[in-house]
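Everything below concerns the one structure shown next.
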């Protein structure tokens, strides 16, 4: 049962969420020729799948800990992971507002997009931090050793830098230069 937790969390935060965010990258997206509306829908679907994987992974590890009589959310990895899943849930709910911006009458669409992108980056970084803390666990360090451990640790680090660069270029630097 335990082995499903790392698989689902890596799938959620390393693959699905990363792909959902890269959809908006003009350099790396396979869907760059599609309309923005199509890319938004694919982003929404991938994020929903990522959230479902994360919730399932959280449920599995919680149940596994219960079965084995171990403490829940007592490590930095557990606490950061719980926070990342809860934050992602809130972020997904906030993303619905971008699908229906008329629900937020006093906010412009541009501000909603900016806040969603920057707060989404925080959630993504939380997920990556939790993955990296999980790679420091006894289970992972005995399973993955040597250079493989360093390569595994580089994956969330490098993707975090790519996503931070993408969000910064798309929203922060452009907005700052317009003022």
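Along the chain as shown, residues are numbered 1 onward.
Every residue, even glycine, has its Cβ placed from backbone N, Cα and C.
Curation does not apply to TrEMBL; its annotations are automatic.
As given in TrEMBL:
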DOMAIN    1-174  domain 'Cytochrome b561'
TRANSMEM  6-24  transmembrane segment
TRANSMEM  44-63  transmembrane segment
TRANSMEM  75-100  transmembrane segment
TRANSMEM  121-141  transmembrane segment
TRANSMEM  147-167  transmembrane segment
Pop the mean pLDDT for the domain 'Cytochrome b561' (1-174) in here, whole number is fine.
92
What stretch, picked from 44-63, 121-141, 147-167, has the most CB pairs under 8 A with the transmembrane segment (75-100)?
121-141
